[in-house]
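Trainee: Can you keep this structure in mind? I'll have questions shortly.
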Amino acid sequence: MSSPLTDRSARLQALQHALRERILILDGGMGTMIQSYKLEEADYRGERFADWPSDVKGNNDLLLLSRPDVIQAIEKAYLDAGADILETNTFNATQVSQADYGMQSLAYELNVEGARLARQVADAKTAETPDKPRFVAGVLGPTSRTCSISPDVNNPGYRNVTFDELVENYVEATRGLIEGGADLILIETIFDTLNAKAAIFAVQGVFEELGVELPIMISGTITDASGRTLSGQTTEAFWNSVRHARPISVGLNCALGAKELRPYIEELSTKADTHVSAHPNAGLPNAFGEYDESPAEMAVVVEEFAAAGFLNIVGGCCGTTPAHIEAIAKAVAKYPPRAIPEIPRACRLSGLEPFTIDRSSLFVNVGERTNITGSAKFARLIREENYAEALEVAQQQVEAGAQVIDINMDEGMLDSKAAMVTFLNLIASEPDISRVPIMIDSSKWEVIEAGLKCIQGKGIVNSISMKEGVEAFKHHARLCKRYGAAVVVMAFDEDGQADTQARKEEICKRSYDILVDEVGFPPEDIIFDANIFAIATGIEEHNNYAVDFINACAYIRDNLPYALSSGGVSNVSFSFRGNNPVREAIHSVFLYYAIRNGLTMGIVNAGQLEIYDEIPKALRDRVEDVVLNRTPEATEALLAIADDYKGGGAVKEAEDEEWRSYSVEKRLEHALVKGITTWIVEDTEECRQQCARPIEVIEGPLMSGMNVVGDLFGAGKMFLPQVVKSARVMKQAVAHLIPFIEAEKGDKPEAKGKILMATVKGDVHDIGKNIVGVVLGCNGYDVVDLGVMVPAEKILQTAIAEKCDIIGLSGLITPSLDEMVHVAKEMQRQNFQLPLMIGGATTSKAHTAVKIDPQYSNDAVVYVTDASRAVGVATSLLSKELKADYVARTRADYAVVRERTANRSARTERLSYEQAIANKPAFDWAGYQAPTPSFTGVRVLDEIDLAVLAEYIDWTPFFISWDLAGKYPRILTDEVVGEAATSLFNDAQAMLKKLIDEKLIKARAVFGFWPANQVEHDDLEVYGADGETLATLHHLRQQTIKPDGKPNLSLADFVAPKESGVRDYIGGFITTAGIGAEEVAKAYEAKGDDYNSIMVKALADRLAEACAEWLHERVRKEYWGYARDEHLDNEALIKEQYVGIRPAPGYPACPDHTEKGTLFELLDPQGLSGVSLTEHYAMFPAAAVSGWYFAHPQAQYFAVGKIDKDQVERYSQRKGQEASVSERWLAPNLGYDD
């Protein structure tokens, strides 16, 4: 007879085989079935607990001992229904949960019995059907307490359970489950990820102790419409936090029904490189807490999961029964299991939100001001235990651009461990801070470990090293791995810190090999700190410190696969402490070279970085001499001019307290929504004195504010930690009012219809949508505006919740077209019966007819050309008399468009890609003298004078944005629209003056020039100052057959080929006038003034484009200087009567939006422009323009047009990506269907 371990090993092999073959079935709700038995107190007690001093009814785990027959009968019923995996009835079998009944001493026994009983039932079923073995998952539930959330709203740093207590509980439970015969460990219903991390830590410890390793299943719980866990994490952030467990599956269960769970399971299925499970509830509970979704109804939804390829394991949770499981098993039986995707290696961190770093990422700013050793202010606040202001320091770092925050509490007179724990617990209740990953920084291991026990996300340990020997290094690394943290590894060994390049490389290589080969540490989670030491100290041996570090970064990048690099940047300038301008210049120059050589991240003051090209040349030259150790006299030369720059840094700390100027009612609402307690008592008192009775403060502004909080929470715009903060504010306000209270002992016309409007996911443009909304609102329609960047599931959920009559989608950038198709598909899948309106700059009748309309047949899909047509379309769609005829005509029209498009595509002949290359322009490069820019590198122009930019505005697009057709200035005297245009223009001038005079918005530009050459006909290599390749720009070539011998153009044609030997150049720019525009527009919206809100955004757009025009003129005449004698008025500029071009990625000459990412990497790796890119490469703020500069005298604007598959395949090869990825981004340009 084989041993139990051998039997378990055989079962696990069978499990792996089964997962490859089919979708496995998990059982259903145990609690649901127990309730069906209608057990009484006596059943729970049995003989053994007849005299137990407290009630035990409801302790379902106790039935393992008092009514095992019931538990096994339920388990057998699930196996008979088709379940492959039984969950043990041990959801609450931990001491902390059993303590509610005074039964904590039974925890171990309950887990043993739970696994033993399930094992018996599973083995009996396997004996009946040997070809289909059944498995037992030992359940570890979440417990009744949370490690990340305080149970006391007045004390956010308090916890009623610790990580260590949970580990102790889970260790005991895991031992019992293994002893009882479990095949797997299932950590489920995770609403607080820190609890789950404690469970993982415990389970892995037991495995190591017992010398056995079982597969781990992990299942989280998305609790509401926000798509987050109760403790605030998104689905991807949750996965990043637990993936170190290397689970056999990750999934979601409970809280939501299958329908509501779908978008989160879909996301998980694309992100997780392991099997995916789902065991949703039987719908959502009704008013009586019961579940109404029938087996057939639930199976229909779950079958969609399987058909879409989301599932490897599926079962049920609350409200599900054996009948549900049987229906689900039958529904998914015909579908193959989900194929596990290959996810690229990357350091995947998380706070409340995910954060991914890889070799292609822009430089990562790690905020340093929450480091006691780096900030005197922060140190003082911590010593004074002024944690409220200390949290503000952290928040300022995040708002200033820190993507990770470094927290260090090492100070001789401080209890560092206690301070670290307190501060991290408080951060957990501050979503604006805890959304980013945490770097726990300490030289004391006990402080690091205490910090790791406080963060639910995947953070970074700073640091471990071989300073105390290899064994201690490996011990700490193993623990970091078990806690699920990335690590900063110092270049430090038994002989001390590495100070030379050779020592840095030697220690980093040795550390890497030990971590990867001996510890099994993921290489992508290793971040080397090769030691940044102070330069310009006057000691000759220190002169090469910066060069050694920079070269070490390059070594790490080139020789240690997937590893990253970091450093404490302020160390390099320590010898100039007290002289902030010089220090900032040193930091900027140092980072400029270190980033180019592979530095991934740096601990910096996120709000205080000087711009490399903005450093005065005299200072920058001396600093570069010091940083790069170019001359022996570099230090003396820098010291000689250092005092000239002394007297304050480039960036000042400032607190934004603008909201304090609001009315007291608005201040109270703001405080409640933001969770600010600082002024709540004085504001409450001020409001009390304005009211007739103190109770009116509660019934009025306080309840109004809490209604806002409730609305935001219900809509998924706030989540639990924020609501807890709001409740704390409310309590303080009410507490102030109670003594005063005790001392005292129209009809609305019906809307024509409700229309939901949204700018789709990935797109931030909303001017057109807002105008349409205003027009519809003025015509009696109730408009529900979801804003920008709205995912499909939110659009559809809101349409149902708001009982909308029409859904309207808007988008400006080409990737939005795909997202609209996705929404249409989802509407069809979910059987919506609502009309769909499509609008936006990139949309068209042809795209709507060809791509969107065929995806949704339940109701009409209508392309709306402009705001003026929206009312007529809406009226037709909602009219009983007009709709049928209108929809029929629209569909017939679209059928014609589709046929015409198909015929045109079939008729159109194009050159092969090779033929198109052969027909490129023939320029005389041998005789070409490329103009040389006045500088190379990047410069920033901050707070550009808006009055100057106003002279460059092209007003014609402004009128078009308001749906007034005509060319400026003739439109002002147009017979039809002249009066309206003039009135609008006068209002625009008044608003423009206000924006300029009051400096309500700001304009900024980042631009640069680099040496460049054409390679492979259609690509451009961009070079650094030393000739190294900084980036490759990928362009496309026209393939349409040209008449009269005209060439097939590519933007690459306008730069000299590499083989010509000509040193040519390219430029790039980002301009924005949107800084502050969103806030100004929202202020008008808050007053109900949609007109001026839209006006502000429209003018910001025009100013951003004007800024691009103004800057291009300066480039031509000054910065590049190839047209110094140019004299063009604004009309000539608008007509593009200049030499050179400034094409924008995503537009006709370079239609691939992803190239914008390369432009931003070259121009703005530190985020100094104030403009960022969304996942679909839209710029935010929306009032922004970016593009390339070409100076060749024959450079011209053109459209690439339709291209064929041969070019797409070559383009994809050059970009190093799958052709399907290129096809998605180039969809409007594809001249083929498959």
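In case you wondered, yes, glycine gets a Cβ from its N, Cα and C as well.
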Trainee: What does Swiss-Prot list, out of CYS254, CYS347, as binding the same Zn(2+) as CYS317, CYS318?
Mentor: CYS254
Trainee: Please list residues from the chain of ARG1142 (S-adenosyl-L-methionine binding site) whose Cβ is under 8 angstroms from its Cβ, counting only those at least six apart in sequence.
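Mentor: Once residues fewer than 6 apart are set aside, ARG1142 (S-adenosyl-L-methionine binding site) is near PHE1069, ALA1108, HIS1112, GLY1187, TRP1188, TYR1189, PHE1190.
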Trainee: Considering all pairs of residues in ASP954, ARG1142, TYR1197, PHE1198, annotated in the record as contacting S-adenosyl-L-methionine, what is the maximal C-alpha distance expressed in whole angstrom?
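Mentor: Among the residues the record ties to S-adenosyl-L-methionine, max Cα distance equals 20 Å.
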Trainee: In the same chain, which residues outside the set CYS254, CYS317, CYS318 have their CB within 8 A of the centroid of the CB atoms that define the Zn(2+) site?
Mentor: GLY29, THR189, ASN253, ALA255, HIS279, PRO280, ASN281, GLY316, GLY319, THR320
Trainee: Would you mind reading off the Cα separation of HIS765 (methylcob(III)alamin binding site) from TYR1197 (S-adenosyl-L-methionine binding site), to the nearest angstrom?
Mentor: 24
Trainee: Could you check the binding-site residues GLU699, ASP763 and say which one's CB has the most other CB atoms within 10 Å?
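Mentor: Max Cβ neighbours within 10 Å, all protein chains included: ASP763.
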Trainee: Give the distance between the Cα atoms of SER810 (methylcob(III)alamin binding site) and CYS318 (Zn(2+) binding site), rounded to the nearest whole Å.
Mentor: 38
Trainee: Compared by Cα position, which of the binding-site residues CYS254, CYS317, ASP763 is the closest one to PHE1198 (S-adenosyl-L-methionine binding site)?
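Mentor: Comparing Cα positions, the candidate nearest PHE1198 (S-adenosyl-L-methionine binding site) turns out to be ASP763.
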Trainee: Pop the mean pLDDT for the domain 'Hcy-binding' (12-332) in here, whole number is fine.
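Mentor: Mean per-residue confidence for the domain 'Hcy-binding' (12-332): 95 out of 100.
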Trainee: Select the closest residue to CYS317 (Zn(2+) binding site) from the following binding-site residues, measuring between CA atoms: GLU699, ASP763, TYR1197.
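Mentor: Closest by Cα distance to CYS317 (Zn(2+) binding site) among the binding-site residues GLU699, ASP763, TYR1197: ASP763.
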Trainee: Check GLU699 (methylcob(III)alamin binding site) against DSSP and tell me helix, strand or coil, would you?
Mentor: helix
Trainee: Have a look at the binding-site residues GLU699, ASP763, ASP954, TYR1197 and say which one has the shortest Cα distance to CYS254 (Zn(2+) binding site).
Mentor: ASP763
Trainee: Once the chains shown are all counted, how many other Cβ atoms turn up within 10 Å of the Cβ of SER810 (methylcob(III)alamin binding site)?
Mentor: 28
